[in-house]
Amino acid sequence: MYPSNKKKKVWREEKERLLKMTLEERRKEYIRDYVSLSTILSWKEEMKSKGQNDEENTQEAPQMKKSLSEKVSLYRGDITLLEVDAIVNAANASLLGGGGVDGCIHRAAGPCLLAECRNLNGCETGHAKITCGYDLPAKYVIHTVGPIARGHINGSHKEDLANCYQSSLKLVKENNLRSVAFPCISTGIYGFPNEPAAVIALGTIKEWLAKNHQEVDRIIFCVFLEVDFKIYKKKMNEFFPVDDNNEGTDADMKEDSEGPEPKGLSPPHKKSKAKKPESSKDSSEDESGPEEKQTAEEMEGQSQEAGGLRFLLRNLLGLIHRDGVNTTPVPSPASEDKAEVHKDEDSAKDDNTVKDSDMTNHSVCDQELPNGQENDSAKSEGKTEAESPSSSMETEDLSPNQEDAAIVEQPEVIPLIDDQEAQEGGEAQGKDAPAVFAESQGSSEAENTSGPDVDMNSQVDGVNEPTESLQEDLQ
């Protein structure tokens, strides 16, 4: 069937020879017809040719913007006839040929393709390997192994199918190939549903083209069945619309080729946009600056005042503490009231003791005196109770010795300096009171035993003697 294949025995030599030939030299050795790339319209050209005249196309052609639809084409026919840089073979894992498109490519390429594939040691699912095209119009053949779905697909099947297209496009870029044709991978005997397979193929290639727009001139979707052709024709408008411009993809391409921009640099329009918020921030900072300064100064003043008050309080507390330790404490109103109460109690005790002594002495005298004399004694008692010890009446009745004793005794009884002296004075008087009573009683008894016939003068002297004994005891 392919008589020229009998002459080719060593695949390495044949590969080197064919790869060194020009396109014209290779065409002389084609055994079959071929379809050149120039005869295949891009998707954009095909869509514009429908419903528009040639004149309109020529007028609008200079105004057209570049889009991804210029990079893709839809072709229905035999993939082995395409004169492109590479065609993709939907191979099996052994890469030794099989049914469907794989068998067609091996038969058209000749025995050298099989010989080279034997040295590749097979291929994994989702991966791809490249060989020479040999007797094919295509310069290279890229072999990829698709997933075996058999009518039921899952996430791993979709991922493997997408990897088939990505791996093939990677080899295209690495070998500097400008055109490539893809068949429908895994849709034949492998049982991958046609429409999901078309969606994965179109989406994966569009994503790659957006990043590698300048790396290829044409990617061809080659279908053989009517079902696949209708599906692709419908989906092509969705993935590659004619009005879609590629300005964004060009910018992405430049960024990928030139590398990421430094962080410190940005495009001019971005700088102008960034300056406006900075100026507004500066103005807002300037406006809020005086207020913040004023608040800061007020806070500092308040803190200083608080610190000064604390310092004064500490000093006052220190002075109070020192005064309490080294000097006599300042009497409080409560302590003064207590001192006055103690003084009143002490004076009351003194008065009571004097009264008691007088009452005892007078009671003894009254028992011995007549009724007329009892009245005189009562009168004298009333006078002594009403008058103070320092009155003029007492000084007249008392003798000169008694007057000196009374003058000496007055400062000891009347004023008290402090609480301690008042307490001590009260205790001393309390102790002396019984002695006074005892002595007064003894003297009165001694005088009363002298006899009932004592005259009036002696009785009057007996009335005054208790005061003398009291004064002597106090001395």
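Sequential numbering from 1, following the chain as shown.
Backbone N, Cα and C define each Cβ position, glycine as well.
As annotated by Swiss-Prot, domain 'Macro' applies to 59-240, with the evidence given as sequence analysis. Taken from Swiss-Prot, the feature substrate binding site applies to 77-79, 90-92, 97-102, 185-191, Phe224. Summarising the annotation, Swiss-Prot assigns ubiquitin cross-link to Lys170. Taken from Swiss-Prot, the feature region 'Disordered' applies to 241-306, 324-475. What Swiss-Prot lists as compositional bias 'Basic and acidic residues' is 251-261, 335-359, 376-386. Annotation source Swiss-Prot lists compositional bias 'Polar residues' at 360-375, 387-402, 440-469.
This view paints the features noted in Swiss-Prot onto the structure.
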residue: Gly77; record: substrate binding site; DSSP (3 states): coil
residue: Ala90; record: substrate binding site; DSSP (3 states): strand
residue: Gly97; record: substrate binding site; DSSP (3 states): coil
residue: Lys170; record: ubiquitin cross-link; DSSP (3 states): helix
residue: Ile185; record: substrate binding site; DSSP (3 states): coil
residue: Gly191; record: substrate binding site; DSSP (3 states): coil
Using a 10 Å radius around each Cβ and counting other Cβ atoms from all shown chains, which of the binding-site residues Gly77, Gly97 yields the largest count?
Gly97
List of residues, in chain order, with Cβ under 8 A from that of Gly100 (substrate binding site) and at least 6 apart:
Ala90, Gly188, Ile189
Return the single residue from the binding-site residues list (Gly188, Gly191) that has the minimum number of other CB atoms within 10 Å.
Gly191
Write out the long-range same-chain contacts of Lys170 (ubiquitin cross-link), meaning residues 6 or more apart in sequence whose Cβ is under 8 Å from its Cβ.
Ala128
For the domain 'Macro' (59-240), what's the mean pLDDT in this predicted model?
93
Taking only same-chain residues 6+ apart in sequence, whose CB is under 8 Å from that of Ile185 (substrate binding site), what do you get?
Val88, Ala90, Thr144, Gly146, Leu161, Cys164, Tyr165, Phe192, Ala197, Ala201
